[in-house]
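Remarks on the structure that follows.
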Ligand SMILES: Nc1nc2c(ncn2[C@@H]2O[C@@H]3COP(=O)(O)O[C@H]4[C@@H](O)[C@H](n5cnc6c(=O)[nH]c(N)nc65)O[C@@H]4COP(=O)(O)O[C@H]3[C@H]2O)c(=O)[nH]1
């Protein structure tokens, strides 16, 4: 056991006291202890023995004993030398009995004496010490220091205490020297006396304490918590930096202050310090230890920090308060996390979005109530199963592959997805999937949050419809038509085709509305819309443009005629009566037409152009259509009028047949006559066939007209025969549609039967091109005609490219060389060559050849020379009405 420091202090105090007493005693002769020992009896140290006794007395712990010895010494001095020596020995024995090292020196620094303890302490015998200087008993560095100190003491007189080291047997030791000067009765200093206190162990103990304190300090600084130690009165004794920082006390002299005093120093923390104080009191009074509390401290930035505070009060044996240990742990982050977790749990349970949490392989770990509500699956149905059970099958592998790719790259995927409810119903979801990773960055979970967007989808579709379709008619509205028109124009620009925009306005719609009411008006619009839709092609667009106005976009228009036809058809459809709740109602339509690119380069200008054209139709008396472009409008109108006129002509018998004879080039005899159609129009006069036959062919009117021609020609030919005239064969022109429609051979047979004209008196002229157009059908008709005995001539021969062998196979009787080749004969070399070739070939194959358009004798001569059988032309006769032809025929000599 180490001696405690306070024992040393007591010894030291006692020594000082005794040194003081020895000093007092040393002032008298009675202090001398003659004969105490050889050394002690030295005459120059008469007072030493008294002083030494005092020192020794101190170590013996009894001031009284020392006093007694001193008095005795005094008395002994008076008794004599022997006694003095005896006492000297006795005193030396006393000194040696003192366990503390004691020494004394003269003024020159020589040791006059010492006790055993001193010798043992230094590891030297007394003889190695006494009579020597410190330089001889101590290492040089220490000796120098001792000497300096001794000199200073001797100069100053009195006492000296200092800490130093001594080289002992056991090595260097830390010591305290207590020294005092020794003065004789005359007051003169004769030397000094000293004792040595070995404080090595004490110093080591102190160092250990300091070390322990350092460790403790490091420990509490290393802790992340704020640590306080207060004494029983609540004064702060120990804190770590974390604790000081908490109350912004770094650099402040907080030691020994109470919370209240610190609250005055830092008013902003006064409430927190008061709270701390209150909880201290709770801890002092608590029976359950340690005592816990949650306390809040706002940091300088105003952020709230939560502390989980632990208090342990320490009481003394008598129960009084000794100190309080306080440890405050900042749990703000944990509290926030807990709060978030609580909020998340609340959200998880109460959100209307479905949530599922899966492991890294997609196995469902947890779902919330909304999940069950949306999908129809209870938690028990899906936990432990793969999310695949929710798939609808609507998305292909590529879809899911892209989803996983995004999840991997971005950690999140969002999108619309179709999934299947428990009932099997497929529905759209808006789904967000998030990736949860563990501390090592590995995917640990997926969190899917979704909402059922069926209703939104429906609403979107509804909105989409409302935005793009007219709710009354279900037709696209103006906006959608605009889009479609733009697209159509883009396509047309790319392909170089045309687009027609038709604006159709109902005439008389207002009357319907006013007279029959709006519901009837609405119904009419619906009927009109249905008719428009039905009348148009799939690829055409029709929209309700507003009110009683409709717009139509026709793509890939190559012919103005086709547009006119569509417009006519629409007008015809609109003109059909509509039954509106028992009221048979009629409306008509006015249409305006604009053509891209001619009438406008973009949608806006085209619609504007169509609108202008539509107003022109209104001005023209409604129930008609107008093109924005005048020429086209005019042509279309003329065409329409002509078509109308042809129908009327057919009904009213305004067609006439004129006849042109065909003569044998050698004999000059009439071998036949060609019937040529004329239209006697009240407005136009006599209209030549080339002006109306193409339109009649296009509109199909040629079929009834052709039938009339056939009947009329046969009837007149019969009448000429009956009148005793011989017109030869009557040649009738037949257009391609007449053959294509089918039943032509039956018509011919019926007409021949009706009129009584022999089949051999009839010749059908078919153009080479119509023969080639529908070869199979033509072949069949020709065969049937041949059966009947009707002759067959190929009109305009040379303009097509039919093979003569093929014509021979068809049993054609006659070829007509087109007027074009004859016209420039005989001058035109190439026409002459063709004519020659045709004639030669025809003859070799056995065809009869008729040349058309022979106007001059030279042509007739040439053709005859070349072997052409017959001719027709102004040289002989121009086409003439039937009666004139009969007269012409009758007037002929043959
Ligand atoms: N410059 C000139 N012309 C001559 C001469 N000799 C005759 N012509 C004209 O040549 C045309 C001959 O008729 P096409 O080649 O069958 O050509 C006919 C025929 O293809 C067609 N056509 C006439 N009538 C009918 C008909 O009833 N049905 C059909 N489908 N087509 C007809 O109309 C075409 C024209 O008939 P048209 O105007 O009557 O014209 C007739 C006639 O007047 C002449 O020396 N010089």
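Backbone N, Cα and C define each Cβ position, glycine as well.
For 50-71, the entry in TrEMBL reads transmembrane segment.
Per TrEMBL, the feature domain 'PAS' maps to 87-156 (among others). Taking H, G and I as helix, E and B as strand and the rest as coil, DSSP gives the domain 'PAS' (87-156) the counts 43 helix, 9 strand, 18 coil.
Residues in the domain 'PAC' (160-211) partition by DSSP class (helix H, G, I; strand E, B; coil) as 12 helix, 32 strand, 8 coil. Positions annotated as domain 'PAC' by TrEMBL: 160-211 (among others).
Annotation comment: TrEMBL describes 212-279 (among others) as domain 'PAS'.
For 290-343 (among others), the entry in TrEMBL reads domain 'PAC'. In the predicted model, residues of the domain 'PAC' (290-343) average a pLDDT of 92.
The feature domain 'PAS' is assigned by TrEMBL to 337-385 (among others).
Counting residue by residue with DSSP, the domain 'PAC' (413-465) contains 12 helix, 30 strand, 11 coil. The domain 'PAC' annotation in TrEMBL covers 413-465 (among others).
Residues or ranges marked as domain 'GGDEF' in TrEMBL: 497-630.
Taken from TrEMBL, the feature domain 'EAL' applies to 639-893.
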Structural state census, the domain 'GGDEF' (497-630) (DSSP three-state):
60 helix, 39 strand, 35 coil
